[in-house]
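The following features are taken from TrEMBL:
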- 23-130: domain 'Nodulin-like' (DOMAIN)
- 160-183: region 'Disordered' (REGION)
- 201-298: domain 'Nodulin-like' (DOMAIN)
- 203-224: transmembrane segment (TRANSMEM)
- 245-264: transmembrane segment (TRANSMEM)
- 276-302: transmembrane segment (TRANSMEM)
- 351-372: region 'Disordered' (REGION)
- 352-364: compositional bias 'Basic residues' (COMPBIAS)
- 378-586: domain 'NFD4 C-terminal' (DOMAIN)
- 387-405: transmembrane segment (TRANSMEM)
- 411-433: transmembrane segment (TRANSMEM)
- 454-474: transmembrane segment (TRANSMEM)
- 480-500: transmembrane segment (TRANSMEM)
- 512-537: transmembrane segment (TRANSMEM)
- 557-578: transmembrane segment (TRANSMEM)
Amino acid sequence: MAKNAATASAAATSSLSRGTWWKWLGFVTAVWVQCVSGNNYTFSNYSDALKSLMGLTQLQLNNLSVAKDVGKAFGLLAGLASDRLPMPAILLIGSLEGLIGYGAQWLVVRRAIAPLPYWQITEKCNLATPEKMLRFTCLHSLCACSCVWGEQLDVDEHGGAGHVHTQLPAQPRPGVGHPQGLRRPQHRHLHRHLRCPLSRQPAAFLLLLAIAPAAICAAAMLFLRDFPPADGDSGRDEEEEEEGRCFAAINTIAVVIAVYLLAFDLAPGVVRGGGVAAISAFVAVLFVLLAAPAAVPVYVAVKARIARNSKLDLEERSEPLLHPEEEEEVEKEKEEVVAVVGDEALVVAARQQRRRRQRQRQRQRGREGPRIGDEHTIAEALSTTDFWVLFISFLCGVGTGLTVMNNMGQIGAAMGYADVSVFISLISIWGFFGRIGSGTLSEYFLKKNAIPRPLWNAASQILMAVGYVVMALALPGSLYIGSVVVGVCYGFRLAITVPAASELFGLKYYGLIYNILILNLPLGSFLFSGLLAGLLYDAEATKTAGGGNTCVGAHCYRLVFFVMAFACLVGFGLDVLLTVRTKKVYLRIHMNKNSRRSAARRREIGRLRANLGLRLL
């Protein structure tokens with residue numbers, strides 16, 4: 001019996017590893033695709049070239065950035081396409097979008113063709129947003145790993161999760177968007193920093209944006225594919241433990257890359273001063289770090305081979321019979337096993353009773369309407385005050401953050417900086433750390449003290465307002481400080497809103513609800529960047545001889561920063577209001593999380609006792 005039990009355990013482990021190593025290879029490939037598809041924040045690196053060549057005013061230039069952000073609002077169409085088309089087709093469409101959109105802008109900046117009419121360049125900016133197609137393709141592989149692990153998925157910041165819901169396990173943990181599940185946006189975020197040192201030549205930079213995603217996507221077509229979630233609870237605990245280690249390894253690599261790039265931003269002269277050899281060494285180490293996640297599927301594959309070899313060894317091994325003096329101890333272990341089985345039966349009965357009560361409550365709520373925290377349809381969510389409070393507060397945070405990112409080229413020039421790539425890099429890197437910090441902090445304090453997630457949004461809003469005031473004062477180094485603050489708070493805002501939306505309005509229609517929420521990206525870009533920043537900048541600017549205008553000095557954006565600081569204070573008040581309104585919901589989530597952890601510990605103890613009894617038998 002011990003032989004059979006050990007053989008079965010080894011077989012289960014081998015099957016688990018064989019079934020997941022290819023999935024992890026797809027996951028790593030998806031991370032690399034994300035790294036080359038999230039390039040819309042680099043607009044400031046070449047916006048000055050477009051402005052001067054086409055003779056644009058700041059309002060017209062900002063409308064180009066709005067067109068770029070409007071392209072991200074079509075994520076729902078990409079999600080629908082990903083339901084009907086194979087992954088290679090989605091990758092091909094996304095890479096062609098970027099190739100055409102950025103390629104046309106490259107031809108203009110390189111002066112290979114005459115400047116296009118304004119409406120055509122606007123169309124190309126809208127088209128050059130391949131993330132909406134590429135990210136949904138990656139979402140399949142990402143959620144396949146994440147959902148099998150049983151954790152919730154951090155959904156694409158510019159897309160939705162409608163397609164994720166079909167791949168969730170039969171009983172997923174509540175709330176897609178758990179920040180400690182899959183930290184995809186953080187990995188995708190890193191690619192921007194690689195391009196910042198290259199952005200001093202706008203034409204070459206645009207060519208890189210056009211070609212790099214297409215090349216990576218061509219390779220990704222071989223590895224990205226759909227993976228159904230594991231059925232049942234067989235081997236779930238072992239699977240969670242293994243995938244927890246894999247996710248921890250990938251996140252550790254991501255943090256190392258971010259710190260490595262941050263060191264370059266803080267001391268670029270050290271690398272550049274060393275000449276070609278130092279730059280080559282820096283790039284070589286960077287590529288090694290970027291390739292490091294590939295070690296995860298290799299580890300899983302090696303583990304599968306070891307498990308298969310162990311299985312063969314166990315089949316050839318025979319266990320000796322028990323000695324008479326051990327019979328009494330065996331009987332005691334049998335009694336413990338029976339007790340454990342009895343406990344499991346009680347747990348199953350309690351679970352069935354709880355489900356009956358839930359069905360009764362659902363029938364009652366169907367007559368009264370859902371409460372906050374229950375499953376909501378689109379109409380039900382839109383009819384709640386909480387949704388619109390979350391919507392407007394989200395607008396105040398991401399709208400103002402996008403304005404800084406889209407206008408960083410002109411902000412830096414107005415304050416006397418010839419190169420703004422370091423500020424774009426700081427926003428991106430610290431946005432990465434903001435996502436990590438928000439996920440870790442909000443989840444820890446939710447489990448420990450039942451602190452609602454919207455409270456963290458409120459904290460980020462007030463800190464972002466302080467950052468805008470610092471930039472408005474234009475003190476020495478204020479743009480560096482402001483870039484860090486905006487990056488951290490923007491990352492906090494995006495990462496917290498994802499789980500908050502799922503926890504307040506449920507998972508069933510979460511994809512559509514989140515796609516409505518992210519309409520704040522183009523809306524905020526239009527209101528704060530296209531109108532506010534564009535009009536106020538043009539009011540302060542002077543016309544240039546070749547058309548367009550320019551402005552130099554802290555006064556160019558001072559009023560813009562103060563207005564955005566006020567908007568963040570409004571968002572702070574709304575987030576505090578939402579915190580008060582949802583306090584009971586998060587208290588209930590806190591109790592559920594603690595009860596699940598207690599149940600998991602009881603199951604682990606029971607399984608260990610049962611395995612001990614089987615070995616003695």
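Just so you know, glycine gets a Cβ as well, placed from its N, Cα and C.
Across the candidate stretches 387-405, 411-433, 512-537, 557-578, the maximum count of CB pairs under 8 A to the transmembrane segment (245-264) is reached by 411-433. The list of residues near the transmembrane segment (557-578) in space but at least 6 beyond its ends in sequence, with Cβ under 8 angstroms from a Cβ of it, reads 386, 389-390, 392-397, 399-400, 403, 407, 410-411, 414, 452, 454-455, 457-458, 461-462, 464-466, 468-469, 471-472, 474, 528, 532-533, 536-537. Sequence-remote contacts of a segment are chain residues at least 6 beyond its ends whose Cβ falls under 8 Å from one of its Cβ atoms, and for the transmembrane segment (454-474) they are 390, 393, 396-397, 400-401, 404, 411, 415, 434, 438, 441-442, 481-482, 485-486, 488-490, 492-493, 496-497, 500, 554, 557-558, 561-562, 564-566, 568-569, 571-572, 575-576, 578-579, 582.
Confidence for the domain 'NFD4 C-terminal' (378-586), expressed as mean pLDDT, is 88.
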